[in-house]
Amino acid sequence: MTASAAEKRPNIFVSRTSIDGGAHPEARERTESMSRAIQSKRPSLLIGAKTLHEVYGEGEDDGPRFVRFVINVYRKWGYIIAKHAWLAIAIVLTLSSLGMLKILFTPQRNDITGYTPYGARANREFQVFSDFYASHGQPIGTYIFGIAKDNGSMIRTEHLEEFLKVIAYASSNITLHDDESGKDLSFYEFCHSFCLANEPIRQFAGGMKVFEQGLDISRIKLNYPTSTVLGTSFSLQPNFFGIEFYDDKKKDKEGDETQKILTGDNTTEIFRRRDVTNVKSVQMITAHLRAEQREGWGTEKVKDFEMRVVDHFLNHYNSDIIKVLVLSQTFVEEEMVRGGKSMLPFLVVGFIIMCCVSSFTVMLRAFYMHQENYFKIVLAITACITPILATATALSFMFLFGLRFSSILCVVPFLVLSIGVDSSYLMIHEWQRVTKHAQENPIKGDTVGRRMSEVLGEVGPAILISCLTNLFADLVGSFTSSPEITLLCGGNMLSMCVAFVYQMTFYAGLMCIVGEKEIQRDDVAVSASVVDNSTKNIHVQIHQKVARNHSLARTPSKFQMKTQPIVSSFMHKYVQIMANTFVSMTVVGIYIVYLIFTIWGITQINIHLSTKKLFAGDSPLNELEDLRVKMVLPHFSMVTVIVNEPGNFSHPERLREMNRMVREFESLNGSWGPDGTKYFARDYETFLSSWEDDYINVEDDEEKVVLDPIRYNEEDLKYFLRWSEYVFWGGFVKTKNMTRPKKEPLEVLDKFVFTAGYHGVQLREWVPRGKKLREWRSVVDRYPQFKADVYHEDGQYLDLIDNMANDTWQAIVGALVCMGLVCFLFLNNWFTVGIASLSVLSICCGILGIMSWFRVDLDPITMASMVISIGFSVDIPAHVSYHYYTASRSHGASSSPEDRLTQCLSSVAFPAVQAATSTILCICSLLFIDLYMAHVSCMIMIICVVLCNVHGLIFIPAILICMDKLRWAISPRGSQKRPRVSPRQRSNRVAKGTLAPENSDVPDRPAI
């Protein structure tokens, strides 16, 4: 309220004094004394002005200097925001509206390597691999998978023919527009090095057709892993998966009914098939559409082509016998975006739930305080709107400065809404307390600025502590994990900071406007009472009572009269039960059992992250991931080795060293050997030998004898890479031009890749795959002269196994240190800091242990959610321990545990339960989303909130009571222990106003 408004408002207090005739100076002195500061029986929720007064006194130098400074700043800010309330609201609404527009027009972009830890070796390996194939930008990489709808074999004739039609359509009918030529080019028209990647499927189908027609099959061997058709050898490993062999004793039984279903042939026919192939059935066939991006295309054209392939086979293709699934990097990114967007509609559900809970709890307390009006509903709903406005502003600033809109940021509004609204609850509750005492003890010249100053001076430090703890927890999380988690923690941190600013400006300004309306309404009620009583010549004593207790606070409400005995009785019984020695010791025993089970659960937790966790539950990529784990990895897990500095292989020793490295890869456990290796130097040896009439004919051998290449000619390399039979090696070899004096530049080897294949059922599990990755890396590390890197498609996730545990405990320790420093800065009490820190550590252990028992893995999403939860898990334990400590100081060292726990719970219980209820109900909206990150975030938040309240309201009180009783058992308390207050000290306290005021008819907490 502005000063001019205050002047225009009728001064009801002057009128009452003039009617009073200036009588009763004692009453006037008492009123002036009470107008110095509105005191409450209840201390601040955490540490505010009245708590300092109770514990340290009202001297300027009493209490922590920093807290005194913060309180003074808040009190001054209360007057400022009351004067400029409308301006603050207009600025916030403008900024948040612009932020909303920025978010709406910012496309989501995801990085499939974003969950790889900082400093992980896989980051560099992926970059080297990408650079090798992305000379002009992101290459085309689309994979088409075919499985039989009856779960049978895909090498049946009709299934092979149908899948060949799929390959033909994708390679010929789906086009990409080339600006340079002005034409729409099909895959066959723009591919270069990998055009023949699907030729093994055609050759196998052709060979089987020859067999079924009863033609000569003497020159056809359709074996796995290497087949030969008319003298041409090719590998089936990149294309055929889920293989069942005839010589597999565990699965191959004579007269197998499955075989009859697959072929419809008799036993003789089965034996004839064994002469041409060792493959009994193939569950999945894969086609590859791979091509390098041409200059001038751009990434968007590549993504458009890949998504057109996906769209056709996902939405338009239909077959009665086979099911087609498509995989590409673009499709993976799109599905991650779709998963994130699926959360946004449920933000409305969470907002509605929060508004209902907020309105109900706020009005419940308003009825109890006899301050019910529609203004309270406005404040309750706006308390839920403020975090949304803050999130919009914070995220828009991030996008404005170039940070990408990752799908994981869609979780941030839920977190900020469920956590940020608690501070608004504190402001509403404190405003009701200040309003109640202002109604009971009217003050001359009372303004909304003075009331807001009192409110912020009380709850401001608590809100600031919550903001700082959340800020530091997110800050620690930003530096201890991966890029995606940095975005999540950074977005949550910035949103919580903006929410704090908006609560001190937008929400405080709205409370001032609403408060002005309440003050005007109160003034009208008091003025009417004064005028009515004066005209009827009511006795001055009656008039004073009416003026002090007007209609808004004259008597307790019916709701309060009914509920106060119930609440008081419940609190009284709860305190008595908790203070019982047997009960408190039993609770401590339960707490020890809780720690044992949670620590045991932590030792059993799995570390695992796959792309499946990033997609919505209905994503077709989930089925594809399951098929990959079931069929691909056990039969052909491929490693790609990028040799960055091969050197000159014309030097025999250099070539022999390279051969030794390749042989080491082939000698590892589970390797397919030379049959599973693609190493260009071997074919180059054959190429050179054929020109020198030294070609070794191995066509009729059952197994091709692979000799280590011993010859290499730089000048013939370009011819080898252009030879039709070997043109596919262009996708494995990069060349560069070397200038020569008086000669044409020579095209020489710059870098190349070779691949090796591995098999084994154990490769379905993450730990064996991680061990295999370390074996591959150890091989290249023994040949540093080649500066080689190994790339595996799961490398980014396998590195989590080694880094996740360290990142998690480092994040927890870092957050705990920050929480302890913040608490000590405000509370200046090591006992409280110790209890709060140990409680947070216990809660973290509980989260990890309970999640382990629920079979939830430890991954970056789990770790980030837990680190974020640390920021608000400190509040309730700090509240309880601090108030228990202040009770021991204010009531004396010999005060009973019942007295201490009574003061503690009267300050903490209702806000804790209200915050827990609203947070859980709001975050539960994430359970409706079929998305892993939503479910994990929701579970961790709920577990954290429940554990916070269990620790704060059960475990910590029981531990503190046991500690007190143990101390008294060792050193019995007595009257000599009770601190004595001299009459002079008591009179000084009375003069300073630190003693509790006269009891109100309408208390702000239940009496116990």
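Indices start at 1 and increase along the chain as displayed.
Including glycine, each Cβ sits where the backbone N, Cα and C put it.
What TrEMBL records for this protein:
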- 975-989: compositional bias 'Basic residues' (COMPBIAS)
- 376-513: domain 'SSD' (DOMAIN)
- 974-1008: region 'Disordered' (REGION)
- 85-105: transmembrane segment (TRANSMEM)
- 343-365: transmembrane segment (TRANSMEM)
- 377-399: transmembrane segment (TRANSMEM)
- 405-428: transmembrane segment (TRANSMEM)
- 455-473: transmembrane segment (TRANSMEM)
- 493-514: transmembrane segment (TRANSMEM)
- 577-602: transmembrane segment (TRANSMEM)
- 809-827: transmembrane segment (TRANSMEM)
- 834-854: transmembrane segment (TRANSMEM)
- 866-887: transmembrane segment (TRANSMEM)
- 908-933: transmembrane segment (TRANSMEM)
- 939-963: transmembrane segment (TRANSMEM)
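For the transmembrane segment (834-854), the residues of the chain that approach it from at least six positions outside its boundaries are 594-595, 597-602, 604-606, 808, 812, 815-816, 819-820, 823, 862, 866, 869-870, 873-874, 877-878, 881, 939-940, 943-944, 947-948, 951-952, 955-956, 960, judged by C-beta separation under 8 angstroms. The stretches the transmembrane segment (493-514) and the transmembrane segment (455-473) are in mutual contact, each linked to the other by at least three Cβ pairs under 8 Å (pairs 6 or more apart in sequence). Annotation: stretch 377-399 has the most Cβ pairs under 8 Å to the transmembrane segment (85-105), among 377-399, 455-473, 577-602, 866-887. Listed by sequence, the residues of this chain that lie at least six past the ends of the transmembrane segment (866-887) yet keep a Cβ under 8 A from its Cβ atoms are 43, 45-47, 51, 54-55, 415, 419, 422, 465-466, 469-474, 476-477, 480, 488-489, 492, 496, 808, 811-812, 815-816, 819, 823, 827, 829, 831-832, 835-837, 839-840, 843-844, 847-848, 895, 899-904, 907-908, 912, 940-941, 944, 947-949, 951-953, 956-957, 960. Within the same chain, the transmembrane segment (908-933) stays apart from the transmembrane segment (577-602): fewer than three Cβ pairs sit under 8 Å, each pair at least 6 residues apart. Over the domain 'SSD' (376-513) the predicted model carries a mean pLDDT of 87. Here the listed stretches are 343-365, 455-473, 577-602, and the one with the most C-beta pairs under 8 angstroms to the transmembrane segment (809-827) is 455-473. DSSP places the residues of the domain 'SSD' (376-513) in helix, strand and coil in these numbers: 121 helix, 1 strand, 16 coil.
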